[in-house]
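Colleague: One structure coming up, written as structure tokens, with questions to follow.
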Amino acid sequence: MGIMELARIDLSRDDLDKRIGGGIPHGSLIIIEGEESTGKSVLCQRLAYGFLQNRYSVTYVSTQLTTLEFIKQMNSLNYSINKKLLSGALLYIPVYPLIADNKKKDGFLKKVMETRAFYEKDVIIFDSISALIANDASEVNVDDLMAFFKRITALKKIIICTVNPKELPESVLTIIRTSATMLIRTELFTFGGDLKNLAKILKYNMAPGSYQKNIVFRVEPKIGIAVEIASVA
């Protein structure tokens, strides 16, 4: 093993890359776990934009937003991705309409695994994988899904999945957490009267260097994620 290859996510406006050890190792399977509105999606959006700005290609599968809503959301954070969508560097796949009608679908995850175009990019993001698993009517074996993700990351690709723990049984969560090379938990907390987001790095198997275990951030219009110095015990 030579020096670990890192995918760069640096942006001049924040120092998130330094907080996580300088970049994201190729071959990472990152799980961002947290309840509703704790900052999982915005963290994915920041990472996606960071990868794109550093010339990596990204597939973004969303159970949350239509394409237009995603473009608006990214623009509101000043993470403009219009050109990246047009050039094909960013492939955005909204599966929201499929989930919105509340009917469980057969073979939902099978389709996710069989759509080759998703995995042609350098980075593949599923926001959220828990919604995809919870909305699949067929007997999906999450072990199989994680084994499949491992085969993809073995090709030096990076997969990032968000998980709302309320959507899945503990047995499934355990499989997902165990499979992750990096596990981040997002939380909300109050600090000096302000609501802040906290990203706790609980596991980082391939950490390239020293990293900050507790990253405090807030979401600001036109700035995106603003990482704070504030430390949390």
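Think of each number as a place in line: the chain as shown, counted from 1.
Quick reminder: no glycine exception, Cβ is built from N, Cα and C everywhere.
Quantities reported herein were computed from a predicted structural model and do not represent experimental measurements.
Pulled these features from Swiss-Prot for this protein:
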- Thr38, Lys40, Ser41, Val42, Gln64, Lys196: ATP binding site (BINDING)
- Ser41: Mg(2+) binding site (BINDING)
Colleague: Rank the binding-site residues Thr38, Ser41, Gln64 by how many other Cβ atoms lie within 10 Å of each Cβ and give me the one with the fewest.
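Modeller: Selected from the binding-site residues Thr38, Ser41, Gln64 on minimum Cβ neighbours within 10 Å: Gln64.
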Colleague: Drop a 10 Å sphere on every Cβ of the binding-site residues Lys40, Lys196 and tell me which sphere holds the fewest other Cβ atoms.
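Modeller: Ranked by other Cβ atoms within 10 Å, the binding-site residues Lys40, Lys196 bottom out at Lys196.
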Colleague: Restricting to the same chain and to sequence separations of six or more, state which residues have a Cβ under 8 Å from that of Val42 (ATP binding site).
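Modeller: Residues satisfying the criterion: Leu77, Asn197, Val219, Gly224, Ile225.
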